[in-house]
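Enquirer: Feature annotation from TrEMBL assigns transmembrane segment to 6-27, 62-82, 94-118, 130-152, 158-178, 214-236. Annotation source TrEMBL lists domain 'FAD-binding FR-type' at 253-362.
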């Protein structure tokens, strides 16, 4: 009898499995019924605009933040008895929330491990960190208010003061003014204060109650794991485990102009960095590396800088190409060395971590509107290369690519002319010509429209783009040649964005109106600052 029951359960389970698979296929074919309303009403609209200390936050982010705050308030105060109970709950919750921000030193590695965008990981890090600060503040206030005298002569109270003081210093150091003054000083100071804070908390924990110590141990164990694994990848990719020799960064001028827009001498300069690798490595479009070149300056050994990789190949690469517009910090040191050999190149020992970041899938769109502003062009170039390759090899559905680049002056556009010419040269198989480049110059252009180089598919325009018209025209599908008397269903338009916040939020509002016309917005990992 038991065997018959098992047989019936197995037969029913197989029958139910077929229905489940069928239901999942049904849902996968109709995901747009859910994604379009969610994108239109929650993930795209900005509810809280950009301010000095907070934002910008979408409706979905505000909802998640409020939910997160309410849950923590509920867990602290629900059916709490005396202040001692509130203090204990707040302290324990602070340790639980501390697990995420304490689980790694490099947020890029944690974002890769979780498979989320770097900006998303940074937002979670900030939210949990501020929650820890608030909960520990409640813990301190309630502990002091409950009565016993707080004496620094007791070692436990002394370590408590050290932890609380380092937390207060962390709070002040995390303000935007401190971060912008010197990011490297902020980062190293931040890490040192976190170490001091954790030590103070560890010595403060009560011996009798072991559970809070377990939470802190879990956080430290994750930190150790996220240190060891990325370190092994770092040593392997830099050839330090096999004695292959370290990577070399070869620096040279990509362009040197003569307008007042960055650089010590009032010139617009672009630096080409070729990173020679000890072993071939795969990097996908839109990914970036953190570069460390200790020999370029006195304080360079403390500085690492993220750079988007502009080179792309279907297979592994022996050399990474980077395009750098010098500003401050490491990029300014690079400019100083390149200025010493303007007609040649100079080589430095370099180490890197990565590639980091999520690469957007661009193989299923029929047309792509690629929008960049300023240095954001470095992030979109590999995507354009990938789409042209997909068209040439018939491995993607793309049939049109329109690159729109908004710059402040003509010199900025000319600084990337070599890379743009390479894209146009690649787009010549069977006279396909799927790539069209529109560069909008805000000032300094003598005519309203002129060609860039010898190609008729790259034009300079005076002013700023009218993004509403661009999205409307590209989404209509009228610019794609279609065979007559053949039913050719219009495909998806993918809008790839690497721009300043102002342009990106404007594009969000525009794309919201075209979601029902199969328009998809993809915000790339790297977004330039305004």
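Just so you know, the numbers here start at 1 and follow the chain as drawn.
Glycine too: its Cβ is placed from the backbone N, Cα and C atoms.
Give me the lay of the land around each of these features.
Expert: Under 8 Å from some Cβ of the transmembrane segment (62-82) lie the Cβ atoms of residues 42, 47-48, 89-90, 93, 97, 127, 131, 135, 138, 146, all in the same chain and six or more residues away from its ends.
Note on the transmembrane segment (94-118): residues 72, 124-125, 128-129, 131-132, 135-136, 139, 191, 194, 198, 201, 212, 215-216, 218-220, 222-223, 226-227, 229-230, 290, 306, 353-354, 356-358, 525 of its chain, located 6 or more positions outside it, place their CB under 8 angstroms from a CB of the stretch.
Nonlocal intrachain contacts for the transmembrane segment (158-178), taken as residues 6+ away from its ends with a CB within less than 8 angstroms of a stretch CB, comprise 52-53, 129, 133, 136, 140, 152, 186, 189-190, 193-194, 196-197, 199-201, 203-204.
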Enquirer: In terms of Cβ proximity under 8 Å, which residues at least six beyond the ends of the transmembrane segment (214-236) contact it?
Expert: 92, 95-96, 98-99, 102-106, 109-110, 113, 198, 201-202, 205, 242, 351, 353
Enquirer: Suppose you look only at the domain 'FAD-binding FR-type' (253-362); what would the mean pLDDT be?
Expert: 85
